[in-house]
Amino acid sequence: MMFRVTSVGCFLLVIVLLHVAAVTSDDCRPEAAYCEYNEQCCIDKCCQASCSDACRTPGKRVHGHGLLRFFGQR
């Protein structure tokens with residue numbers, strides 16, 4: 001009889017632990033949501049306090065066009 005109680009208790013403990021693991025693993029933020037760390041995002045990228053697939057540097061494109069215009073005139 002003691003064996004059954006122990007087995008049932010262990011079985012229930014395993015179920016509870018699996019449930020807790022499933023709940024904590026689903027705790028991520030979708031794209032464009034506010035974030036502070038990469039681990040908070042489902043896509044594992046936090047760029048400028050927002051979950052984003054690619055980090056963009058503001059002004060980089062404008063700077064590149066300026067160089068192309070400068071070299072194109074020569």
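The backbone N, Cα and C atoms fix where each Cβ goes, glycine too.
Feature annotations, reproduced from Swiss-Prot:
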type	residues	note
DISULFID	C28-C42	disulfide bond
DISULFID	C35-C47	disulfide bond
DISULFID	C41-C51	disulfide bond
DISULFID	C46-C55	disulfide bond
MOD_RES	P58	proline amide
SIGNAL	1-25	signal peptide
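Location within the structure of each feature annotated in Swiss-Prot.
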residue	record	DSSP (3 states)
C28	disulfide bond	coil
C35	disulfide bond	coil
C41	disulfide bond	strand
C46	disulfide bond	strand
C51	disulfide bond	strand
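The disulfide-bonded residues listed here (C28, C35, C41, C42, C47) include C47 as those with a Cα within 10 A of the Cα of C55 (disulfide bond). Reported as a whole number, the C-alpha separation between C51 (disulfide bond) and C28 (disulfide bond) equals 10 Å. Neighbour density around each Cβ, counted as other Cβ atoms within 10 Å, peaks among the disulfide-bonded residues C28, C35, C42, C55 at C35. Put simply, of the disulfide-bonded residues C41, C46, C47, the one whose Cα is nearest the Cα of C28 (disulfide bond) is C41.
Minimal Cβ crowding within 10 Å, among the disulfide-bonded residues C41, C46, C47, C51, is found at C47.
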